[in-house]
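See below for the structure under consideration.
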Amino acid sequence: MTRTNLSDFLNVCTTKQGKGGIDAAMVVLIEAMADTCRHISANIHKGALAGILGSAGTENVQGETQKQLDVIANDMLLESLAQTGVVAGMASEELDDCSPVRGCEDRPYLVLFDPLDGSSNIDVNVSIGTIFSVLQNPENGLITNESFLQAGHTQVAAGYVVYGPQTQMVLTFGDGVYGFTLDREAAEFVLTAERMQISEDTKEFAINMSNQRHWYAPVQKYIEELLMGKTGPRGKDFNMRWIASMVADVHRVLTRGGIFMYPKDQRDPSKPGKLRLMYEANPMSFLVEQAGGTACDAETRILDIEPLDLHQRCSVVLGSANEVNRVLSYHQTA
Ligand code: P6P
């Protein structure tokens with residue numbers, strides 16, 4: 001297999017007309033994202049040796065205690081993407097409001113990101129990741145939070161970088177999903193997976209079982225049947241995984257199939273779920289659909305949700321289409 005690095009791949013994408021085609025500005029944006037994540041990866045792999053583990057002693061807009069690496073990754077992305085000259089503004093899980101790039105309100109792209117998803121895993125050396133979503137700048141003057149409130153189906157690019165045994169970037173521009181592995185010595189990401197596909201069926205599910213007593217009936221029924229295995233109506237045994245890092249769990253689903261679920265539950269009926277729509281569910285749903293999977297909030301397609309707030313949450317059920325559609329059917333007949 002000839003070696004194709006990220007730059008080679010992006011240059012080919014600039015020659016595509018229509019779906020999956022990108023412009024020179026997007027090349028600059030994605031290369032900046034990749035280069036910054038390469039540096040984030042280097043920081044993560046130093047861990048305690050760099051004195052950057054543990055809490056930053058601050059809270060983010062979600063009311064969650066920030067890890068030092070959350071803040072470091074966030075600052076690195078804000079600085080590098082602002083310097084590209086193609087980003088008009090950014091929104092981050094770690095920032096209350098959006099961060100316009102002063103004097104660049106007319107630049108073509110807006111970027112949303114979760115700089116370090118799954119950060120509760122940092123201190124115990126379990127995979128974490130950066131998730132990003134790219135929208136077109138609506139170009140009606142000042143960049144405000146409202147500039148970012150675009151439904152997920154309008155995304156022009158989405159991806160993540162998972163910091164695990166390998167550091168891998170997974171990316172889509174709307175014409176398939178492509179995976180790249182970081183070659184640290186060469187300081188570049190190399191294409192290692194083309195047109196990733198999620199099998200329609202699976203024997204593997206991912207959900208936080210400790211919430212079981214809080215789930216609504218359709219989820220109770222669906223999981224109960226999986227747990228019955230061969231002895232139940234599904235007629236086959238299932239396996240369970242829960243890494244508590246969406247990037248790592250979704251990467252597994254993209255790599256070998258599966259269903260990932262974080263449904264809303266009865267603890268707080270006013271809260272539609274734990275995960276955030278704009279910089280977790282939307283980018284992951286774009287990738288999953290591009291890989292032949294399905295992504296919904298148990299009632300509607302996630303990419304069709306019209307956002308009302310930068311940090312709004314939603315339920316997430318995504319992955320192997322036949323399993324996600326079964327969960328949908330249980331909600332429809334509840
Ligand atoms: P729980 C990480 O905090 C995160 O936002 C996702 O990455 C992950 O899937 C989920 O929350 C884990 O939540 O309740 O299992 O700790």
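Here, residue 1 is simply the first one shown, and the rest follow in order.
Even glycines carry a Cβ here, placed using N, Cα and C.
Where the annotation comes from TrEMBL, it is an automatic prediction and has not been curated.
Binding of substrate is attributed by TrEMBL to ASP117, GLY118, SER119, SER120, ASN208, and within the candidate set LYS264, LYS271, LYS274 the record adds LYS274 to that site. TrEMBL names ASP114, LEU116 as Mg(2+) 1 ligands; from the candidate set GLU93, GLU94, GLU105, the record adds GLU93 to that same site. Take the Mg(2+) 2 site that TrEMBL assigns to ASP114, ASP117: the candidate from GLU224, GLU225, GLU280, GLU289 listed for it is GLU280. With a cut-off of 6 Å between Cβ and the nearest atom of ligand 1, the binding-site residues GLU93, ASP114, LEU116, GLY118, SER119 reduce to GLY118. The number of other CB atoms found within 10 A of the CB of ASN208 (substrate binding site), across every protein chain shown, is 13.
Of all Cβ atoms in the shown protein chains, 26 besides its own fall within 10 Å of the Cβ of GLU280 (Mg(2+) 2 binding site). Shown in sequence order, ASN60, VAL61, GLN62, PHE113, ASP114, PRO115, ASP117, ARG276, TYR279, GLU280, HIS311 are the residues of the chain, 6+ apart in sequence, with a C-beta less than 8 angstroms from the C-beta of GLU93 (Mg(2+) 1 binding site). Annotated pair ASN208 (substrate binding site) and LEU116 (Mg(2+) 1 binding site), C-alpha to C-alpha distance, rounded: 20 Å.
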